[in-house]
Every structure is written in structure tokens, then in C-alpha cells.
Amino acid sequence: MSNNLQRYKNQNDPSVLNPRTTSYEFFGPIGALVIIFTVPIIIYSLHFGCSEETGGCPPVGWLSALTEISQVLSTRGWWETLVQRLWDAEVMKYYSSWYLFCVIAWAILPGATIEGKPLRNGEVKKYTANAFSTFLLALGIVCGYISRFGPGSFTFLYEKWVGFVTASIIMAFLQAFIVYLMSFRKGALLALGGNTGNPIYDASIGTTKSSFFPSFILSFPSFFIGRELNPSIGSFDIKSFNELRPSMILWALIDISMACEQAVRRGGWENVTNSMWLVLIGHIGYITDALYNEPALFTTMDIISDGFGYMLSIGVLSWIPFTFSLQARYLVFNQLELGWFASTGIFLLNATGYWIFRDSNNEKNNFRNGRNPKNLKYMRSSSGSKLITSGWWGLSRHPNYMYVNRLPTLSLINSSYFFPSTQPPTNLTVYRGDLFMALSWSLPTGFQTPITYFYLLYFSILLIHRQIRDDEHCAKKYGDDWEKYKRMVPYRIFPYVY
């Protein structure tokens with residue numbers, strides 16, 4: 001009885017339920033501010049640094065182009081020139097309509113009701129898993145439209161690329177700002193990493209409106225990382241909705257639009273290059289898997305412990321669709337026809353990566369749910385955790401309750417599977433499969449430019465950074481058991497290499 005009473009008090013005491021964050025991530029307000037403005041610049045740079053509009057990939061005479069940009073920025077009225085180049089009111093309507101379509105599809109399409117993990121306040125959120133149904137509906141509409149009106153009717157995503165990027169960035173900023181304001185309502189459950197405890201920021205809670213905006217300016221970490229854990233409007237969970245629907249599905253539609261543009265230029269679908277088909281098969285297969293397995297999302301750290309702020313909104317709404325589709329966009333204006341040997345090799349590389357990813361996930365899911373059909377070996381830590389030492393998870397170590405998912409949106413944004421202490425740790429096996437797939441998406445673009453290998457490069461950096469960070473976490477969590485496990489599974493990522 002006393003335990004239940006104490007639990008009730010804790011759940012209703014703001015200081016217990018929403019403790020102050022005692023440390024900053026990403027170098028605090030300055031680092032958050034830098035990242036807030038740097039990410040859009042990178043997304044735009046990948047377009048202007050690799051497009052036929054600017055003269056190549058990278059553009060011919062790119063040094064002189066940088067000089068020209070600096071001259072424009074030094075003149076009066078540069079802001080109007082920049083807005084005219086980046087903003088497209090018509091495209092903003094298109095993008096808003098697309099987002100509204102995703103919301104309506106979420107509301108009306110059938111889907112399984114999935115219960116999430118219990119939250120700190122005892123609440124168990126319920127989610128509607130119909131992202132795959134939304135994907136099929138969108139594909140059906142788009143394919144029917146293209147079939148009726150021809151590939152030339154669906155090239156506008158290529159033609160108005162910059163406008164769509166701008167629209168997505170505006171939507172990301174707008175959502176991050178709105179959910180930040182929402183987090184100040186009474187009873188909001190805050191993310192443990194997003195309640196920074198900045199003195200001026202603290203003073204804004206319950207103060208007048210005039211004191212809010214200065215505190216907001218000084219609270220970039222909360223705006224950036226996300227102050228509220230699960231911002232919702234009724235049953236509409238903003239964070240889980242954004243994770244897959246408007247981002248991953250748009251990525252697939254962008255790829256289709258790139259193929260349509262190439263089909264128009266080459267005189268029909270039969271003339272689309274095999275390199276473009278390889279990219280589409282890899283990308284859309286990856287997207288389909290993520291959407292079909294949507295229920296797995298609700299056990300990730302993104303949903304369970306990370307707040308929803310600018311970091312996640314810009315990652316899912318802008319970074320995923322407009323940087324991950326780089327290879328398909330490149331192949332529109334640099335059309336490569338690969339030989340059968342190269343095509344087969346690339347296809348098999350992608351298939352191998354997917355097999356590693358899916359088979360290792362099955363091992364993990366079976367073990368987590370109390371099944372062990374492969375008779376995997378494991379060691380038990382002093383805390384009761386089971387650390388797998390065979391199978392895919394024994395080839396390289398990463399014993400942690402976190403595991404980075406298939407949707408790395410930024411080097412700063414990690415979707416991570418959560419495991420209670422009684423469940424098995426994970427390693428970077430799935431990452432190895434992802435690296436194989438990432439390489440297979442870049443190889444169809446050839447070797448004329450390193451820019452189309454951007455995803456592979458940044459993902460590799462993310463991987464090493466995550467491995468170092470998680471190793472430090474594991475050493476603290478498992479203590480001497482961690483050292484014992486390292487001796488049993490000595491390789492960090494690649495067996496016999498690293």
C-alpha cells in the first residue's frame with residue numbers, strides 16, 4: 001500500500017516526474033544553435049553542389065561560384081535574392097497538401113493498435129500502425145496517375161526540388177516551435193534530456209508572456225533536442241507520426257519522380273538505365289521494410305526516452321527524403337548504363353546487406369521474446385542481463401540496451417532499440433548490413449564524383465561515433481562484466497578488422 005502511495009506521489013510531483021537535465025549535449029546552446037543552421041545549409045549544398053542547374057557534381061568552376069555567392073551576400077537586398085531562389089509558394093501548398101494527406105490517411109486507414117512501453121508517469125500510449133497502408137495508398141495513387149498521364153506528369157519533384165526542400169525545412173522549424181510551446185502546458189511529460197534547467201529558462205515556467213521569448217532564445221538545447229517526450233493532439237502522436245510517414249514515403253516518391261524525369265529524357269520506361277533501377281530497388285525495398293515493420297518503432301529510444309524537437313523534426317522531414325535520394329537525382333542528369341556483371345554484383349551486395357539485417361533482427365527478436373531456435377550462447381551479467389556471444393550478435397560486440405535503427409537521420413539523430421535489463425544486448429551487426437546496402441546504393445552512380453557517396457561516408461562516421469559512445473556507456477553499466485564480454489567478443493564492428 002505504501003509503495004503504491006509513493007508511486008502515486010512520484011507520478012504527480014513535477015520535480016520527480018520531470019527532473020532537471022543536469023548536463024548539455026552537443027556543446028550546449030552554442031552547439032545547438034550551430035547545428036540548427038548548419039543542417040539546412042548541408043541539405044541545400046548537396047543540391048547546389050551536385051545538380052545540372054549549377055553545372056555538375058561538383059559544378060565546373062565551383063570556386064568561382066563561391067566567389068559569386070560571397071559577392072551576392074555582400075550586396076544590399078541579398079536577402080530578397082536568396083528568398084526568391086529558395087522559396088516557392090506553389091510548392092509550399094503542394095507540400096502542405098502532402099502532409100495533410102498523410103494525416104488523413106493516419107486517421108482513416110485501418111491498422112493494428114500497438115501498445116507502447118510504459119512511460120515514467122505510468123501511462124501506456126496506444127499507436128495506430130498503418131504507415132504501410134498509407135504507403136500502399138500513396139503508391140497506388142501515384143502509379144495510377146503516372147499510368148494515366150505519363151511519366152512527364154510526375155517530374156515536378158525534380159523540377160521544383162529546392163522549393164520542396166525549403167517547404168520541408170519550414171515545416172520542421174514550425175513543428176519544433178509548436179511542440180516546444182506545447183511542452184509548457186500543465187501535466188506535460190518532459191524528456192529527461194530536454195529539461196535543461198537553464199536559470200532563465202526555468203524562470204519562464206509560469207511567468208508572463210513577455211519573459212518567455214528571451215528564455216526561449218537562451219534555451220536552444222531544449223528546442224533542439226526536444227523538451228516534451230510525446231507531444232500529442234488527442235490520440236495523434238506527433239513524434240511517431242513524423243518518424244515514417246511524411247519522410248520515408250516522400251523519399252520513395254522522390255525516387256519515382258527521378259525515374260520519371262529520366263524516362264522522359266530517354267524516350268520511355270524501357271530506356272531507363274539499369275543504374276536507376278538498382279537505386280530504386282535498393283531504396284524502395286529499404287523503405288518498404290521500415291514501413292511494414294512499423295510496430296518495431298514503438299520500442300525505440302526515439303519514442304520511449306527522446307524528446308521531439310528540431311533535431312528529430314529536421315531529420316525526418318528534410319534530411320531523410322532530400323539527402324537519401326541523392327543517388328537517384330544524380331542519375332537523372334548523369335545517366336549510367338552498367339554491364340550485367342556490375343549490375344548483378346551490386347544487386348547481390350544489397351541483398352546480402354538486407355539478409356544480414358533481417359536475419360540478425362530475427363535472432364534478436366526471438367531471444368528478446370524468450371525464444372532461442374538457434375540455441376544462441378550467452379553470458380549472464382551480475383545485473384541479470386543476457387549478453388549474446390554467438391550467432392550474428394557474437395561476431396562483433398555492442399552489448400547495450402540501445403541499438404541504432406535503420407533510419408539514421410543525422411550523425412546526431414539515432415533511432416535506437418530499447419531493451420530492458422532482462423533482455424539481450426545488441427551490437428553493430430545490423431549496421432554492417434546497412435553499410436553493405438548504403439554502398440550498393442552509391443555504386444550505381446559510378447566513380448566520377450565522391451558526392452554521391454555522401455550517405456555512406458556520414459553513416460560510417462555515425463557508426464564509429466556511436467560505437468565509441470556506446471562502449472563508454474557499456475563500461476559504466478556492466479563494469480567487470482563488460483571486460484569479460486569484450487574478451488569473449490573482441491571485435492567492435494567488423495570481425496577480424498575492427
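Glycine is treated like the rest: Cβ placed from N, Cα and C.
Annotation comment: TrEMBL describes 26-46 (among others) as transmembrane segment.
The feature transmembrane segment is assigned by TrEMBL to 96-115 (among others).
The annotation transmembrane segment is assigned in TrEMBL to 127-149 (among others). Within the chain, the transmembrane segment (127-149) has long-range Cβ neighbours (under 8 A, six or more residues past its boundaries) at 101-102, 105-106, 109-116, 235, 237, 240, 244-245, 248-249, 252-253, 256, 260, 287-288, 291-292, 294-295, 298.
Taken from TrEMBL, the feature transmembrane segment applies to 161-182 (among others). Sequence-distant contacts of the transmembrane segment (161-182) (same chain, six or more residues past either end, CB-CB distance under 8 Å): 40, 43-44, 47, 51, 85-88, 90-92, 94-96, 99, 188, 216, 222-223, 226-228, 231, 238, 242, 308-310, 313-314, 317-318, 321-322, 329.
Among the features that TrEMBL reports, transmembrane segment is placed at 307-326 (among others).
Residues or ranges marked as transmembrane segment by TrEMBL: 338-357 (among others). Among residues of the same chain six or more beyond the transmembrane segment (338-357), those with a C-beta under 8 A of the stretch's C-beta atoms are 273-275, 278, 281-282, 285-286, 289, 392, 406, 429-430, 432-441, 443-444.
Look at TrEMBL and you will find 447-464 (among others) tagged as transmembrane segment.
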